[in-house]
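Read through the structure below, which is laid out as structure tokens, and then see the notes.
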Ligand SMILES: NC(=O)C1=CN([C@@H]2O[C@H](COP(=O)(O)OP(=O)(O)OC[C@H]3O[C@@H](n4cnc5c(N)ncnc54)[C@H](OP(=O)(O)O)[C@@H]3O)[C@@H](O)[C@H]2O)C=CC1
Ligand SMILES: Nc1nc(=O)c2c([nH]1)NC[C@@H]1CN(c3ccc(C(=O)N[C@@H](CCC(=O)O)C(=O)O)cc3)C=[N+]21
Ligand SMILES: [Mg+2]
């Protein structure tokens, strides 16, 4: 069997184009332009790349992008002051603080200072609690993107056995909660789990967000299962020339795609969906803040 490749790049382009249509409609009807503020503290090169890409795609969707680049030694007070200003700025509908923050800043405190209605990452304790209890709330971008990709394969997720590998607050835990809300039977594994290959062989759906290249092997996968690879790892690629690198996920893609029914590639899988969902969340936040009807995008 050769797995169907779930094309995140194409699906993300569809999502961005439906966001763009609704943005144009809101602008025409109400004169409101959704705005996203991205805050980057320090100069981590990888974060720099993501922030630039987010800003570009925000503008391409017809929204306003506000970027704040603060120095590595910014104090917690300065950062909290900026968030307070953004919370009360009517042109800002979404606020994203790029993680990780430098070690001297308390990310829980900083994230919880964001107005939950503007927390387009869905990391605020209020949004986490609401998603955890099955209430409408802002859903974290990466898990939301994974759910949209799963919807391409399964019209109904009820009763599917799902394994999530990784239990971070930004990917694994919210992913497990969304799958549970969709009535999957959910297992969430992590470094202390002792029998992941065995658990994986029971799963119809495997979502891996561990940050370990080559973690998931073909013999772990039940034939026909769907494999969602969230991992983003930059590894040396001497075959491309000295000092060159390439991006890989957490899945041994070539061998797993011989067994799985469907699989997401890296790059071009979950990553582009994450950014498209950020735009979708910003649009939804704008609609909510202005009491416009919730836009229907790709249905998740
Ligand atoms: N595509 C996208 O849009 C995004 C991709 N990512 C990528 O996804 C990956 C995970 O990100 P994130 O959740 O932030 O990472 P974290 O490092 O915060 O969490 C990793 C999780 O994986 C677990 N883990 C690590 N090694 C193993 C292992 N060998 N077996 C089982 N579990 C393991 C850890 O367990 P423990 O807690 O016990 O240590 C932890 O729960 C990274 O590669 C990151 O770059 C992240 C965000 C968005
Ligand atoms: N507050 C916050 N929210 C985040 O959502 C957040 C964050 N902090 N910190 C870092 C992680 C990581 N992340 C990615 C987004 C897009 C791609 C992406 O578009 N990847 C492309 C490749 C990009 C490349 O070539 O480097 C792809 O997979 O095809 C990857 C990773 C969001 N994160
Ligand atoms: Mg942990």
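The backbone N, Cα and C atoms fix where each Cβ goes, and this holds for glycine too.
What TrEMBL says about a protein is an automatic prediction, not a curated fact.
Copied from TrEMBL, the annotated features are:
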BINDING   166, 167, 168, 232  NADP(+) binding site
DOMAIN    6-121  domain 'Tetrahydrofolate dehydrogenase/cyclohydrolase catalytic'
DOMAIN    140-286  domain 'Tetrahydrofolate dehydrogenase/cyclohydrolase NAD(P)-binding'
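Cβ neighbour count for residue 167 (NADP(+) binding site): 18 (other Cβ atoms within 10 Å of its Cβ, all protein chains included). All protein chains included, residue 168 (NADP(+) binding site) registers 15 other Cβ atoms within 10 Å of its own Cβ. Looking at the domain 'Tetrahydrofolate dehydrogenase/cyclohydrolase NAD(P)-binding' (140-286) alone, the prediction's average pLDDT is 98.
Once Cβ contacts within 10 Å are tallied over all protein chains shown, the binding-site residues 166, 232 are led by 166. DSSP assigns residue 166 (NADP(+) binding site) to coil in the three-state reduction, placing it in neither a helix nor a strand. The binding-site residues near ligand 2, defined by a Cβ under 6 Å from one of its atoms, are 232, chosen from 166, 167, 168, 232. The DSSP secondary structure for residue 232 (NADP(+) binding site) is coil. In the domain 'Tetrahydrofolate dehydrogenase/cyclohydrolase catalytic' (6-121), the DSSP tally of helix, strand and coil residues is 59 helix, 19 strand, 38 coil. Here the domain 'Tetrahydrofolate dehydrogenase/cyclohydrolase NAD(P)-binding' (140-286) has, by DSSP, the following mix of helix, strand and coil residues: 56 helix, 30 strand, 61 coil.
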